[in-house]
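J.: The following block contains the structure, expressed as structure tokens.
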Amino acid sequence: MKALWAVLLATLLTGCLSEGEPEVTEQLSWQSDQPWEQALNRFWDYLRWVQTLSDQVQEELQNSQVTQELTVLMEDTMTEVKAYKKELEEQLGPVAEETRARLAKEVQAAQARLGADMEDLRNRLAQYRNEVHTMLGQSTEELRSRLSSHLRKMRKRLMRDAEDLQKRLAVYKAGAREGAERGVSAIRERLGPLVEQGRQRTANLGAGVAQPLRDRAQALGDRLRGRLEEVGNQARDRLEEMREHMEEVRSKMEEQTQQIRLQAEIFQARLKGWFEPLVEDMQRQLANLVEKIQASTNSVLSTSVPQENQ
């Protein structure tokens, strides 16, 4: 009977401990391909560390360092989201205005929800810091428990809204990629039947009247084909501009990397220039000291030998 009670007690204690531990194993369910996703992952990782409520977290919460770090990560994330959204807007091309407005509205709403979640989190941590300061040395275990529960709920909400924003941006991106193709296809679908009708009418006319009409139909067909080719060329030019823009960005990043490498080499050379004279001076002093010791030793030995002979 005692053994049974011991097993039950251990089970209850294990359940209580598991309920009190913060859930810090959640991961965002996508690859961090875009800069805004990478920035959000940095925010997410920092929040996971805050949720542990370790002694270091408690200390940094009380001196507002945590809220400052979260503010920087929030601003970085939202800046990257805005930049990515602007880039997609420029790539939409010939898309219907109502489609453009609808996609932009959906992305804007998802972006606003994610920003509100981050702001709510920062305000809650600031509130916790103020509450701890008012406790005046009393136990803050209840405050930590409430904060831990609130952080778990906010992490779930953040994950939900972040994934929703990612899906909205994916739809936006698909619209940007397919916009030009849809525009060219729509023009071809509208003009194709007209060209075919002109050919059929020309074939049905008599030999005496058909030739002028055939010539006009041919000219019309040529103009239509020229227009289609022009639209296609514009779409290709737009894609080429996008590729050139990406290449320019990559080139700038390589240039910045090279500048950082050169600065590091310059700094290394400066350090070497600073310390080499010190090392050489120490070597000279050490050599002089060794010479003095050797001279003193030789002097002592030379004076002791005659005394032994006497």
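Each residue, glycine too, has its Cβ placed from N, Cα and C.
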J.: Of the ranges 7-17, 40-50, 150-160, which one does Swiss-Prot list as region 'LDL and other lipoprotein receptors binding'?
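T.: Per Swiss-Prot, the stretch marked region 'LDL and other lipoprotein receptors binding' is 150-160.
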J.: Which ones in the same chain are close to Met135 (methionine sulfoxide), with CB under 8 Å and 6+ residues apart in sequence?
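T.: Those within reach of Met135 (methionine sulfoxide), by Cβ under 8 Å and sequence separation of 6 or more, are Leu143.
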J.: In the predicted model, what is the mean pLDDT computed over the region 'Specificity for association with VLDL' (270-282)?
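T.: It averages 82.
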J.: Please work out the helix, strand and coil residue numbers for the repeat '3' (116-137) from the DSSP assignment.
T.: 19 helix, 0 strand, 3 coil
